[in-house]
Amino acid sequence: MDAEYQSFIKTLRAGHKPEFPADAKSIEYARLLDAQDKLSFLRANFNIPTRSPLRKRALDGTVPGAVKQLDISNGTKHVKGDAKEDAPSIYFVGNSLGAQPKCVRQYLNAQLETWASIGVNGHFTSLDNSPLTAWQDMAADCAQQSLDLVGAASASEVIYMNTLTVNLHLMMASFYRPTERRHKIIAEWKPFPSDSYAIASQLQWHGLSPSTSLVEIHPDPETMYISTEHILSVIDEHADSTALLLLPGIQYYTGQLFNIPLITSHARARGITVGWDLAHAVGNAELFLHAWDVDFAVWCTYKYLNAGPGAIAGAFVHERHHHHGHHHHSTPDPEKGVDVVGYLPRLAGWYGADKTTRFNMDKVFRPAEGAHGWQMSNPSVVDLACVRAALAVFGQTDMRALRDKAVVLTGYLEWLLMGLLKDNFGEPAFRIITPGNPLERGSHLSLLLRPGLLDRVSETLAAGGVVVDVRKPDVIRVAPVPMYCRFEDVWGFIEVLKTALEEAR
Ligand SMILES: Cc1ncc(COP(=O)(O)O)c(C=O)c1O
């Protein structure tokens, strides 16, 4: 079996679909796959919402999966549910909000104890037995823990600050410097709405308009697939007039993973700056941002990174944009948008100042090295503690191993879904709009349901303990996340979906 599991990885990694045996439709087979999974130990790091707390209406001091009751209010009793109710949900929504790592509580407690005990000195003091560094160094520490995650050459290429959309604006303030000749932004047809608003408002900020300066790359209207050739041809068509190419690593709606290295090098060779929104790619796909020569990237930490709702976000700035000579009187080069003898122009704040001079309260801004020089404010340490805890779980494995598991997990899901369609004669109840090629997708598959099915199907899924993401009018996004989802969960999801489709018919 182990050889078979390894051969699945190899086949899928080569961009092909493996032949699962006929008995792969059974729960026993799903459990065999789980037994081969070398990352199955990671699941124990998470509080997977159980079925009853998903319906929780009031705090009762309990946390799913926790043995001991938490003492948060006097007089609450441990609520004993029946075994079925307390079973873990099939939590396939890590592409929206990742499950909670258990160690978040420990990191937050460490922060609370530090603050209570040493107050303001926590900025500069790292206590023994604490998983946290001095508050001032927390963002840099998180950056150091993210090298494998994004493929950075050094921690100076990565910073944690603000939230995704804010960082997108800060990056565009530096990297989108339109000139009369190069003023266009190339994006895709359906960016996440926040990205659309950011792009349109940046254009307006510069006195431009989407009608003249925004180029949208459209998918094939039938399949919703955007071929790499098509992307490259749009780049070629607008090469001379484009300042910035801004794409998602993984398209949030279809789940398509783009060829980041090829698209980046093609655009950069034509003088275009390239930025990526990695909200759905970080912690999901393998990334090599430094080697791929990406100019900048932004991501949130609450999806595959599991740092909690709205947690502090990440940004990448390639090393070639770091070097600066501490000259603040310099002449900008309008074509490159780069202050050639000083540093890249930016919207600056005191936390972006070099750490050695940050507390000198200088009037002159001397940025910290690399991405760290884009920080603006003193960051929330509560937030950083959550990110640091979440990254500690990633520290138990690496992206290569996670991706190995992900291709098999999602490949198995796809195979079972295709089996469902085959077994149900007549008009197919759904179509998978995520690319079939494993190299062109991450963990999630988007199912486009036949019109009219969505409401009833999602009701039955919820009642069956399945948590997925619903995008009206007709799409459900199903994300078996390799960090904490099992092959048995994939099998269980298919069982519930089968019932849901039969009932909705
Ligand atoms: C692709 C993408 N971009 C941007 C955002 C917005 O992120 P935030 O609200 O953290 O700024 C999201 C949120 O889900 C997203 O999925």
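Cβ coordinates are placed from backbone N, Cα and C, and glycine is handled just like the others.
In the three-state DSSP scheme, F192 (pyridoxal 5'-phosphate binding site) falls into the coil class. In the shown protein chains, 17 other C-beta atoms lie within 10 A of the C-beta of F192 (pyridoxal 5'-phosphate binding site). The pyridoxal 5'-phosphate binding site feature in TrEMBL is assigned to L164, T165, F192, P193, S194, D195, D277, H280, Y302, W350, N378.
Under the heading domain 'Aminotransferase class V', TrEMBL lists 139-309. The domain 'Aminotransferase class V' (139-309) scores a mean pLDDT of 98 in the predicted structure.
Long-range Cβ neighbours of K303 (N6-(pyridoxal phosphate)lysine) (same chain, at least 6 residues apart, Cβ-Cβ under 8 Å): G94, N95, S96, L97, G98, A279, H280, V282, G283, N284. Secondary structure at K303 (N6-(pyridoxal phosphate)lysine), taken from DSSP and collapsed to helix, strand or coil, is coil. Look at TrEMBL and you will find K303 tagged as N6-(pyridoxal phosphate)lysine.
Contact annotation for recorded positions (F192, Y302, K303, N378) versus ligand 1: F192, each with CB under 6 Å from a ligand atom.
DSSP gives L164 (pyridoxal 5'-phosphate binding site) a helix state. Sequence-distant neighbours of L164 (pyridoxal 5'-phosphate binding site) (same chain, 6+ residues apart, CB-CB distance under 8 A): S194, D277, A279, V298, W299, C300, A313.
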